[in-house]
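The structure appears right after this line, and notes come after that.
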Amino acid sequence: MASQLTDAFARKFFYLRLSITDVCNFRCTYCLPDGYKPGAVNNNGFLSVDEVRRVTRAFSALGTEKVRLTGGEPSLRRDFTEIIAAVRENPAIRQIAVTTNGYRLARDVERWRDAGLTAINVSVDSLDARQFHAITGQDKFHQVMDGIDAAFAAGFDKVKVNTVLMRDVNHHQLDTFLAWIQPRRIQLRFIELMETGEGSDLFRRHHLSGMVLRDELLRRGWIHQIRQRSDGPAQVFCHPDYAGEIGLIMPYEKDFCATCNRLRVSSVGKLHLCLFGEGGVDLRDLMVEDEQQAELEARIAEALTHKKQTHFLHQGNTGITQNLSYIGG
């Protein structure tokens, strides 16, 4: 077995974000405002179930404990349940999560659970149905809310909800969000709006630092929790009067990258060392046969030697990320 993935800055990597499609049926203003547009034609299409099985097996041999399936919208894959099961085959992977817009959650969550899914993140940027429609381009607010209820009914102890923090859109709705999570085991994660190649104007108009919310939470008696090694980048806060939690993801904060523990593989098999990195390292030619696993592990480990210390977002560097559906956010 190869050694634990570690980069030149002594960061260890336990967490893989694996995109399985860049297709999405929502048109969120901060991601795909004009809807999904196919990229360059790729005869191989998106990663197959067997390719997913091989790449996650290689990462697990290198110490990966958590795999998050992302998109686009991953549940648009007809074989999504089989993909979950393929990852679940590997006992070294302790957590299998999905980030979803939630529109198929009510219908399919029990099947996903039975296939091996252990955690769910749902994107909800407003608790007002009309504003939700305006942000996403889809009139599916109640369907998504029913999906979250279905996840709890299916036995998920906690559901994470991702909310992109936007000035003059939802930043003033903190009290509404807090009332929603008070009786529910929801970890509500406010994510700072990030500048992408296609979203510079939106960023200038709507970016708000998560520190504004952080200061308000601390003022109200919320307590900062200690981060676990396979956790994502959120700073998590709890309060004795609330069943739910608040998470803040602030990529522009000083030292945000110091605790990076995650790598990304795109839906066409490229390894991305950073959400805002350049190019990517092609792994797909080593996902063809089971016998290539040692070579695949070696290429992943070698690529990690090139991971930079920080994303340089502060300098306005958005890398190749034209929109966040490209490599799964």
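Glycine is no exception: its Cβ is also placed from the backbone N, Cα and C atoms.
Keep in mind it's a predicted model, so treat the numbers as computed, not measured.
Record features (Swiss-Prot):
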type	residues	note
DOMAIN	8-234	domain 'Radical SAM core'
BINDING	Arg17, Arg68, Thr99, Lys160, Arg262, Leu263, Arg264	GTP binding site
BINDING	Cys24, Cys28, Cys31	[4Fe-4S] cluster 1 binding site
BINDING	Tyr30, Gly72, Ser123, Met194	S-adenosyl-L-methionine binding site
BINDING	Cys257, Cys260, Cys274	[4Fe-4S] cluster 2 binding site
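Distribution of Swiss-Prot features across the structure.
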residue : record                               : DSSP (3 states)
Cys24   : [4Fe-4S] cluster 1 binding site      : coil
Tyr30   : S-adenosyl-L-methionine binding site : coil
Arg68   : GTP binding site                     : strand
Thr99   : GTP binding site                     : strand
Lys160  : GTP binding site                     : strand
Met194  : S-adenosyl-L-methionine binding site : coil
Cys257  : [4Fe-4S] cluster 2 binding site      : helix
Arg262  : GTP binding site                     : strand
When distances run from the Cα of Ser123 (S-adenosyl-L-methionine binding site) to each of the binding-site residues Cys31, Lys160, Arg262, Cys274, the nearest one: Lys160
Pairwise CA distance, Cys28 ([4Fe-4S] cluster 1 binding site) versus Gly72 (S-adenosyl-L-methionine binding site), rounded so that it is a whole Å: 11
Where Cys274 ([4Fe-4S] cluster 2 binding site) falls in three-state DSSP terms: coil
Number of other Cβ atoms within 10 Å of the Cβ of Leu263 (GTP binding site) across all protein chains: 24
Maximum Cα-Cα separation in Å among residues Arg17, Arg68, Thr99, Lys160, Arg262, Leu263, Arg264, which the record lists as binding GTP: 20
Integer Å distance between the CA atoms belonging to Leu263 (GTP binding site) and Met194 (S-adenosyl-L-methionine binding site): 18
Neighbours of Gly72 (S-adenosyl-L-methionine binding site) among the binding-site residues Cys24, Cys257, Cys260, Arg262, Cys274 (Cα to Cα, within 10 Å): Cys24
